Amino acid sequence: MSANGRTISGWKLFWLIGALVLAMSALILLLGPDPVEGLRSVIRATARTSFTLFLAAFVASSLATLVPNAFTRGLVRERRYVGLSFAFSHLVHFAAIVGYGALNPQFWPGRSALTNTPGTIGYVFILLLAATSFRYFSQRMTAAAWKRLHTIGIWVIAVIFGYSFFKRIPTMSALYAIPFSILCAAVAVRLVGKWAQATRRRQAQTRSSTRNTLNPHVLESL
Ligand code: HEM
């Protein structure tokens, strides 16, 4: 996360991304002739900023394994703040939905409990992942429970993004196949990266147990 040789990291990075998301949303509202359509555009635009930030957090550790360099290592280091920025961007998505629903009386009656279910599940997981990225909540969980929640949560959110783009391909535009394909590629990168990490771990374990059997002094010292 380097700009002009200077590093932006941690909360600074979070506030910078947050300010950019807010500035983008304000510009869309200011430049659009109609506030209702403007809010709809903000909903779409924040879904896209959220998607970009989500993807960065989703592939960070796999990318660092598959393509180790300063940028991918930086992405892993800043993953928590990128993830929190994703949650912030989706908070703006939510605020725009509430605003759109208030200005457009046909919006909520036009939706059903069924159409709201994936998005609601998504928000529950975004809230859980964001909350448990703070020590106050994470230290009340076992490391295994934290890992399980974050693995399940990140996949649930990936599936909701996939579903949100996929359902728009036949009804809105074939161009939604682009973000859907990007998501499929990110899934492939994540799976291959995790497989490479597991393989390396297994090889390291095999090497260390071979060293221990070859060096009896290690056993003596146990
Ligand atoms: C109950 C919660 C939610 C509601 C009511 C909702 C509502 C909406 C609405 C009204 C749109 C714009 C529709 C249009 O003009 O095409 C939209 C777009 C979108 N939403 Fe949400 N949303 C919710 C939660 C979520 C969640 C949790 C995610 C992802 C994890 C998500 C991802 C998207 C995506 C990808 C788009 C398409 C953006 C685009 O056009 O490129 N939404 N949502």
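Using the three backbone atoms N, Cα and C, a Cβ is placed for every residue, glycine included.
Going by TrEMBL, these are the annotated features:
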- 48-160: domain 'Ferric oxidoreductase' (DOMAIN)
- 202-222: region 'Disordered' (REGION)
- 12-31: transmembrane segment (TRANSMEM)
- 51-69: transmembrane segment (TRANSMEM)
- 81-100: transmembrane segment (TRANSMEM)
- 120-137: transmembrane segment (TRANSMEM)
- 149-166: transmembrane segment (TRANSMEM)
- 172-193: transmembrane segment (TRANSMEM)
Quickly jot the same-chain residues contacting the transmembrane segment (172-193) by Cβ under 8 Å, restricted to those at least six beyond its ends, or write none.
48, 51, 55, 58-59, 61-66, 158, 161-162, 165-166
Spatial neighbours of the transmembrane segment (12-31) far in sequence, C-beta under 8 Å, 6+ residues away:
1, 38-39, 41-42, 45-46, 49, 53, 78, 81-82, 84-85, 88-89, 92, 96
DSSP helix, strand and coil counts for the domain 'Ferric oxidoreductase' (48-160)?
93 helix, 0 strand, 20 coil
